[in-house]
């Protein structure tokens with residue numbers, strides 16, 4: 001029962017597959033919340049209030065200049081000294097969301113800036129309210145122009161989820177589970193290449209999916225002038 | 001609720017170590033960007049070449065560097081290559097992995113910049129009797145670097161953040177040193193906060209320096 005196998009078994013493969021699933025879930029969850037927060041921040045920066053612009057800009061600058069590892073540990077130990085320790089997995093997801101939100105905010109800002117001001121004026125001149133104009137003019141046009149950069153961010157986020165391992169979060173994501181297997185079977189090169197292949201396939205899969213979506217979307221919404 | 005006592009004196013006491021570690025971080029960042037930029041330029045030129053082997057070599061490099069986590073690349077350089085009998089020190093492993101990563105991203109950035117340069121520039125340079133190398137050095141790359149200057153500064157910051165992964169394989173750059181010191185003093189929050197501030201300062205310094213270089217170099 002308790003014999004130690006020193007070769008790569010089907011169970012190991014399942015562990016890595018599970019790890020890839022965890023990586024995927026981490027990406028989806030923190031990508032969703034991060035995009036939501038980032039959208040609000042980017043929108044807030046486009047309002048034209050100078051103090052809000054610089055306040056949110058400061059937040060973005062700080063998050064983008066401090067390594068993710070430090071942010072993980074800092075947030076985790078902040079919760080601990082504030083007296084609200086939560087499990088590393090959850091605090092990891094929160095940190096990842098805040099981290100990616102800063103990048104998304106820049107993309108959202110670029111998307112809003114990409115909409116020609118004359119278009120907005122035309123929409124308002126047609127009697128649309130601010131929110132109608134935002135919802136039906138700015139968002140559709142802006143999204144089309146920044147979708148590729150947003151995809152790039154989400155791919156970056158997926159790769160950054162591997163850092164959650166420093167918190168010792170369980171269940172283990174892809175890279176952590178490969179580490180666990182390596183510790184047992186001492187075959188680092190093969191396992192790491194395998195893990196790399198997993199990442200590669202997932203990245204590739206997302207890129208192709210978004211590209212396909214993008215082309216179908218672009219042709220659907222094409223304006224013939 | 002909040003009865004934590006901050007103790008900053010212990011951080012102050014270890015200030016020299018932190019500063020030294022920050023310099024190491026800066027050193028790896030600068031080296032990896034310089035090497036990465038050189039390799040990236042070669043890759044972006046090869047990407048345009050008619051030679052199938054060169055094309056696929058660069059395409060593979062760029063795809064591998066961009067589609068796998070930097071941490072995995074560091075693991076591969078440190079643990080993985082050991083299986084082939086190549087043993088890197090943590091410093092070399094981090095430098096090699098971040099340079100590999102940087103070169104991939106920079107090649108893609110430079111390729112985007114090259115697409116923005118009018119093809120007649122190439123024709124004009126060759127028509128003036130320049131050799132291909134001269135054409136790239138004197139005509140193409142000065143314009144490309146100016147066009148993609150902003151993405152490159154972003155990439156430099158990325159490289160700096162990437163060096164923090166050295167902590168995981170035991171390199172004592174800023175993050176590694178911080179982890180080491182906090183495990184000795186049991187003051188994680190103060191130390192990591194101090195590290196975050198130092199990273200912020202290093203980052204701003206790099207950006208200001210890059211802007212200075214650009215201002216000096218791109219005002220022909």
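Including glycine, each Cβ sits where the backbone N, Cα and C put it.
What TrEMBL records for B:18-210 is domain 'ABC transmembrane type-1'.
As annotated by TrEMBL, transmembrane segment applies to B:22-46 (among others). Counting residues 6+ beyond its ends, the transmembrane segment (B:22-46) has Cβ neighbours under 8 Å at 54-55, 57-58, 61-62, 91, 94-95, 98-99, 101-111, 114, 136, 141, 152, 155-156, 159-160, 162-164, 166, 172-175, 198-199, 202, 206 in the same chain.
For the transmembrane segment (B:53-76), the residues of the chain that approach it from at least six positions outside its boundaries are 43-44, 46-47, 93-94, 97-98, 100-101, 103-105, 107-108, 162, 165-166, 168-169, judged by C-beta separation under 8 angstroms. Per TrEMBL, transmembrane segment is recorded for B:53-76 (among others).
Using a Cβ-Cβ cut-off under 8 Å and counting only residues 6 or more beyond its ends in the same chain, the transmembrane segment (B:88-107) has close neighbours at 28, 31-33, 35-37, 39-41, 43-44, 47, 58, 61-66, 70, 73-74, 76-78, 81, 152, 155, 158-159, 162-163, 165-166, 169-171, 173. Sequence annotations record features per position, and here TrEMBL assigns transmembrane segment to B:88-107 (among others).
Residues or ranges marked as transmembrane segment by TrEMBL: B:148-171 (among others).
Here TrEMBL flags B:191-214 (among others) as transmembrane segment.
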